[in-house]
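Okay, structure first, notes after.
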Amino acid sequence: MAVSHRLSAYVLFLLLPLVHSQGCSVNNAKPVVRENNSAGLVVTNITKAAGITVTISPTADGNCFSIRDTELILSCSLDYEKQGIYILTLLCTEGNVQVYSLEVIVTVSNLNDNSPVFKQPNFTVNVPEDTRVNAIVLSSDRVSATDLDQDTIYYELRGTTPEATEFFNIQGVNNPGIYLLKALDYDKNKSMQLVLLARDRAPGSADTNTANATITINIQQADTKPPWFLPCKPVAMSSKVCLNTGYIGRINISEQTMEPLNLKPGPLYAIDPDYTLNEKIVYSIIEGNTDDVFLLNYDTGNLTMNKAVNTPETFILHVMATQANSIEKYALTTVEIKVINRSIHAPYFEHVNYTGTVSTGLIRNSLVMEAGAPSTPLKIFAADDDFPNKINPHITYSIQNSSDFTVTQDGLVLTNSVLSSAMKITMLATAIDLASLQEASTIITIEVIPPKGTTLPTTTITVTAGTGSTTTTTARTGLTTTTTARTGPTTTTTAGTGPTTTTTAGTGPTITIIAGTGHTTTSTAGTRLTATTAAGTGPSTISKPPGSSSVFPPKLTTTTSGAGSGPTQPTTSSVSKTVNTASISGPTGKPTSGTASGPVTHPATTKPSITHSTKIPTGPSESGTTDPTLSGTSPPGGGVVQPTALTPSQTGGSGPHSTLTAVASGPPRPSDPMTPQTSFTKSHQTDVNKKMSDYKYTAQDMGILGGTLAALLILALFFLGFIFYKVHRNSVTTISKRKVYK
């Protein structure tokens, strides 16, 4: 019986935990929680019987958890990088007696919430320019990034300096070691900058965190180049080679100079082109120093003489420059020294300064003209008193500081390019005696100007008399001439690239300029239009019948008058014209306007040339002053206005005269007078003679014509005689026979 009671108690003891476990349990003993969740998140649910109390065993892992009713919740945010697994013990008690315990294992899942991190944001590395290709310049352990999320890191190299990625690259997408792709050149690239990117996902993936580091690579110059003799010309295929064409020098026969020889194009001198290293250069003559005439300084390269040379000959010295620290780095050049007779006089320029002009837009190799003589080419000359005529055939000329001009060996200055804008250029010209290497220099100043007819300063000439007409001539880039008479026509001539003339008639074809106590008005319109006003004491009128083609033969009509009491007499010059003339006269001293006595025809296609001439008699003008003599030009075929001042003596009158004369602008001729003070009569006659040359036959032409006509006449007489013989042959034969019989 006792045994049975003990057995029953033992079975009850074994079954008690089972009963209590059924009254205290969790629905998930191994929950998984994502990191970074906020407090209050339910981790798992608890099931308990009535009267059972559940608590969390006080351990370190249980500090971030709590029980709310029948729920196990978070009381703080979990971080996978700090702790990934939490083990909790839940205690189930009834009253004060613990009847059961539950173990809950909470796993924290990792999120990609951290970016890769480099050890430092900037890296600097010095790389010698002679570093071999494929060499590692920055190891991976120095530039690797880390990620707290334990993700695999992917790398990418980008160049801030555009060509940087042509020289450097990383060893692999997961290996950030940087190596050299191709050879460096310090002269081309002294520093490069790159950016190394680190990602925690493969390129192109979403949800990627990225970090970057700046990498600066400084290229250090290495001793890679041999010495260079100066001056030298770089070889296009290599930046390490620079060729020197040699040196030349002159010494006088039977003379020994103690000073270093003057050489061209400069002293014998070599440098180390690896200038940051600047290794010492030493010099030596390796060939050509016959009889040891010359001595070359080992350190400086100065060339001196050991002895005099008594025969005219030429020495060709082969000189070597070597780096003191490496004989394998050397350069060679030649020095040509000629022994010549002593030159007593050095060449010299006859002028300290030369001045010239040239127009814009001319083709290359156009002549520059002298500033004071536009028809004479500018020529420089260096004299040498060692020659009887001062002409040294060994002298050559060159321009030192301008590429826009060049000079021939005869001294003519030419353009070396097309000059597009007006400017003034000052340059240095040198003359070198190739025999003695003596030289001289001078200054050349050339003014580049726009072509004639394109740009001139504005000039306005206005003559006003009484209350009548005003004549205004204005010259700008082209020609504009405006003459207005109040009741007469308005004539306007405008030139852009060339003159264009428009003639508009008002109430009558009258162009009037009045001064003094009387006037003469001539108005002419046709293929060419001439308007002349002269002042006197009485009116003078030139007119034509209505409908006639011309009041004079087709010649240019010029009316001139001085201060006198008689009418103005017309004079003619032989320039072919076709004119229509209308004239109006009025009271003395007043402007006159009116209607022409006959109709005036203005052809639509005619572009008349206009000449306005005004002469004012002796005495003050209406404004109380005496007007100076003025002239302006309005050429019929294009050109520009050229105002010319005339003195009273040149106009032929006793008082001041105002003249506005049309003269075409063009290049000067050798026969043209150079003085600007040319009288109206001479300049007018010159133009008339020039134009008449287009219409006259020369003596040679007349001789050829006469000979041709004589030959034709002889042929005609021969032909007539032949016809006469054919027609009257029988009659002539009969008459001849009769004479014979008699």
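Including glycine, each Cβ sits where the backbone N, Cα and C put it.
Here is what TrEMBL says about this protein:
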COMPBIAS  532-542  compositional bias 'Low complexity'
COMPBIAS  557-576  compositional bias 'Low complexity'
COMPBIAS  577-622  compositional bias 'Polar residues'
COMPBIAS  623-634  compositional bias 'Low complexity'
COMPBIAS  644-662  compositional bias 'Polar residues'
COMPBIAS  674-683  compositional bias 'Polar residues'
DOMAIN    65-118  domain 'Cadherin'
DOMAIN    119-229  domain 'Cadherin'
DOMAIN    245-349  domain 'Cadherin'
REGION    481-509  region 'Disordered'
REGION    532-687  region 'Disordered'
SIGNAL    1-21  signal peptide
TRANSMEM  702-725  transmembrane segment
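For the domain 'Cadherin' (245-349), the DSSP counts in helix, strand and coil order read 3 helix, 50 strand, 52 coil. Within the model, the domain 'Cadherin' (245-349) carries an average pLDDT of 95. With helix defined as DSSP H, G or I and strand as E or B, the domain 'Cadherin' (119-229) counts 8 helix, 51 strand, 52 coil.
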